[in-house]
Amino acid sequence: MKDCSKKGVIVIGGGLAGSEAAWQIAQRGVPVFLYEMRPFETTGAHSTDHLAEIVCSNSLGSNLLSNASGLLLQELRILNSLLVRIADSCALPAGKALAVDREKFSLTVTQHILKHPLITLIRKEVVDLPTGTVCIIATGPLTSPRFAEKLQQLIQSPFLYFYDALCPLIDAHSIDFNYTFKASRYSDSNSSADYINCPLTQDQYIELSQELAQGERVKLHDFEKEIFFEGCLPIEIMAKRGLHTLRFGPLRPTGLIDPRTKKRPYAVVQLRQDNIAASLYNMVGFQTNLTFKEQDRIFRIIPALQKAEFVRYGQLHRNTFINSPKLLFPTLQFKILPLLFFAGQLAGFEGYAGNIASGLVAGINGARIFQGQEPLVFPRQTIIGELVWYMTHAEPEYFQPMKANFGLFNVSLEDNLPQDKISRTLALSQRSLKKIEALARQINEGYS
Ligand SMILES: Cc1cc2nc3c(=O)[nH]c(=O)nc-3n(C[C@H](O)[C@H](O)[C@H](O)COP(=O)(O)OP(=O)(O)OC[C@H]3O[C@@H](n4cnc5c(N)ncnc54)[C@H](O)[C@@H]3O)c2cc1C
């Protein structure tokens, strides 16, 4: 790798974390050299050469402040996150969630990065670690094997991993709308009906659940143990846990009334719009490792999908991450070489918005170190601060990636929070947002 140490900060990986990091650094007047290996090398999950490509669900989570992902998105807006601003501008109808047109989102991020006068995008796989320079490593859960080998030598301990899965995408024209109704969960006549709902009778549900549980799965290598992220379990693994597991999970019918029967269906498969043209829909919660042949057979049990054309089948991928509590400071600096930062899923952040947040933190701190300033520890009692705190202070032996959630807040009786859940989470959100606004004023001084 060219020596860029005197000239700027190096960011390795142009995914969600790396793109946000590069932007934050450049916005602070520091030149950035952003390395992205696509399209010359691929990860197996990405399918374009765009930066910040979203590989599976197109949802960044709930936008509601009573939900931790809504709070996280709002904190990121206050801190001028490029990616959340672009996500807002590419939003699709998705009830209370922020779902985006994935193509438009990543294309717009790429255009912004390319246009920034201080960012140089270098399309190349990094295989060596830079030395003597501020560098952010954000190569994601599918870090290229050659670079992973180098990282392994650097961290001097084995990577941790779990398996993550992609859900199938369907051509909208092939959905049989005679067997669907449009609605958002708990919607009333004033709400938008954003999801295509495919109701199932009891018999259809039982058949689907049993077939999923018994379906043939793609085999993992002998040396690989099946470790899944609980928040993104393959549908067939959930089905194996019990006949009714899916009906209380992704196929729950709560808050949905079929207008034709005026009743709540026994179970519901939801399809979420995937692009602005509404020509593609993804199967919500149907991430899977069934063989393509089995997906083709089993999903047709759903009456609306009898003639479905799958433009992408579900797939399973290994997700690699480091033991951040052992290896990183709460500034996201690598303890052994503090000029190096880790961000994104590789550092254990889970969920699109969480990964963007980690890029923002590493980017702000990378720029500060480059400019001779002290790096920041984001304040506790904000969701970003608590997420980073968890990543760097969890019990190393049991460390697993984590999404934003209110359980990360250390709440005591003295906080005097309301008893009911919604009021309590809203109060926590309001407190966080005040702290983030104060932080934004502090870190943006001199960077208007
Ligand atoms: C199959 C799969 C499905 C997922 N589904 C979801 C989901 O539904 N919802 C969700 O919130 N999260 C999901 N995730 C997690 C998702 O990866 C993260 O939320 C997010 O993309 C991680 O951001 P990142 O920036 O860390 O990594 P990425 O977005 O993956 O970016 C890393 C980038 O680094 C590049 N790169 C890798 N090695 C090198 C190298 N040596 N040199 C140069 N460039 C390199 C890659 O090409 C990539 O562009 C999924 C992950 C996978 C693998």
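Every residue, even glycine, has its Cβ placed from backbone N, Cα and C.
Residues annotated as FAD binding site in TrEMBL: Gly13, Gly14, Gly15, Leu16, Ala17, Gly18. As annotated by TrEMBL, domain 'MnmG N-terminal' applies to 9-373.
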Which residue, out of the binding-site residues Leu16, Ala17, shows the minimum number of other Cβ atoms inside 10 Å of its Cβ in this structure? Leu16
Cβ neighbours of Gly14 (FAD binding site) where a neighbour is any other Cβ within 10 Å: 30
Are there any residues at least 6 positions away along the chain from Gly13 (FAD binding site) with a Cβ closer than 8 Å to its Cβ? List them or say none. Tyr35, Glu36, Ile137, Ala138, Thr139, Gly140, Thr143, Gly344, Leu346
Same chain, |i - j| six or more, Cβ under 8 Å of Gly18 (FAD binding site); the result in sequence order is Val11, Ile12, Leu34, Glu36, Leu51, Ile136, Ala138, Thr139, Ala343, Gly344, Gly359
On the domain 'MnmG N-terminal' (9-373), the mean of the pLDDT values is 92
Give me the non-local Cβ neighbours of Gly15 (FAD binding site): same chain, 6+ apart in sequence, Cβ-Cβ under 8 Å, ordered along the sequence. Leu51, Ala52, Glu53, Ala138, Thr139, Gly140, Gly344, Asn355
